[in-house]
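Below is one structure, written out as structure tokens; comments come after it.
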Amino acid sequence: MGVVFPYHPRGGRYKLTFTEAQRACAEQDGILASAEQLHAAWRDGLDWCNAGWLRDGSVQYPVSQPREPCGGLGGASAGTGGGTASGGVRNYGYRHNAEERYDAFCFTSNLPGRVFFLKPLRPVPFSGAARACAARGAAVAKVGQLFAAWKLQLLDRCTAGWLADGSARYPIVNPRARCGGRRPGVRSLGFPDATRRLFGVYCYRAPGAPDPAPGGWGWGWAGGGGWAGGARDPAAWTPLRV
């Protein structure tokens, strides 16, 4: 069991060669998905109107809700994807892997540790995310880790948080009003301005790693009254009793 997730970096859509797509997936704790894995994800409801590289060097994308900008209202294009008027996997075939650029469809099936949301006393800029997680014996979660936690561990949190690539996302298992629509999934807010203090952070703690701030510990600025005064340099952040 695993999960397929679409991915593009901060630079925008359709920026990755095949080799760069392989690297992007690896950086987010995944590998390029196979055509069979993408087809299975489509059967489970994956709907994504941007083409991405797959492991075999083909470029495809899954459409569960047919619409004109996403390959028309009919079935899939030529290829192995299949499909009917209810949707399908659109297939561009095998592309020039060193010259053409698309997004990536990544796959992950392993999450030995735990992803958790860390809510600071105040929202933090992206530069503070790593120190916040480190204070809890963890690292900022990667995109693949958040998708795995959503799919495999049923993580459900209607609060956006920073991830390691600078994106902000949140996982929804039980869709509800004000949480991004009627379908489960990992919602994305894209790549916000990294200097704005908008979010908490999703952290990943490896198996066996201790939590150095259990129970009544949080984190923030030390000295001169903590949040009320003193150092505002993120380098000065330290665990604080709350």
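Using N, Cα and C of the backbone, Cβ positions are placed for all residues, glycine too.
Just so you know, TrEMBL annotations never went through curation; they're auto-generated.
Features reported for this protein in TrEMBL:
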- 3-108: domain 'Link' (DOMAIN)
- CYS49-CYS70: disulfide bond (DISULFID)
- 113-205: domain 'Link' (DOMAIN)
- CYS158-CYS179: disulfide bond (DISULFID)
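Annotated pair CYS70 (disulfide bond) and CYS158 (disulfide bond), C-alpha to C-alpha distance, rounded: 28 Å.
For the domain 'Link' (3-108), DSSP puts the residue distribution at 22 helix, 35 strand, 49 coil.
A straight line from the CA of CYS158 (disulfide bond) to the CA of CYS49 (disulfide bond) spans 24 Å. Of all Cβ atoms in the protein chains displayed, 15 besides its own lie within 10 Å of the Cβ of CYS158 (disulfide bond).
Here the Cα atom of CYS179 (disulfide bond) is found 21 Å from that of CYS49 (disulfide bond).
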